[in-house]
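Record features (Swiss-Prot):
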type	residues	note
DISULFID	C92-C107	disulfide bond
CARBOHYD	N93	N-linked glycosylation site
LIPID	S1	O-palmitoleoyl serine
Amino acid sequence: SGSCATKTCWRTLPPFRDIGFALKRKYHSAALVEPVRARRHRRPTFLKLVHVPGGGGYRKPSPTELVFLEQSPNYCESDAAAGSVGTQGRPCNRSSPLAGGCELLCCGRGYNTHIATQAWRCHCKF
């Protein structure tokens, strides 16, 4: 008869930018956890929240919640143990809102602007 009765469905990912925004939202609301060991077991039985915002007690993180086990190093400050030299004294781009810009690179500490004039002989011929 020339007609087709078969349908094919497949799953697709959302746009990459949407995934990035969702991960960033989860990153900013991530919770510090620590493993809780049962007395009879050697491995952790669950993770408990160390800090519950706005309330007391502990709770088990949900399967979709982003958690972390230790604080990230502060890359603004020098920390030899973490291998970070910090950002103090580094040149930055005052007009850039991106990673090399002064506002981000200087971690909100402010920055000094230096204007330098350099003269040299160009060996020009007229």
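Using N, Cα and C of the backbone, Cβ positions are placed for all residues, glycine too.
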With every protein chain in view, what's the tally of Cβ atoms within 10 Å of the Cβ of C107 (disulfide bond), excluding that atom itself?
14
Can you tell which of C92, N93 has the most other C-beta atoms within 10 Å, given these are the recorded positions?
C92
What's the CA to CA span in angstrom from N93 (N-linked glycosylation site) over to C107 (disulfide bond)?
14
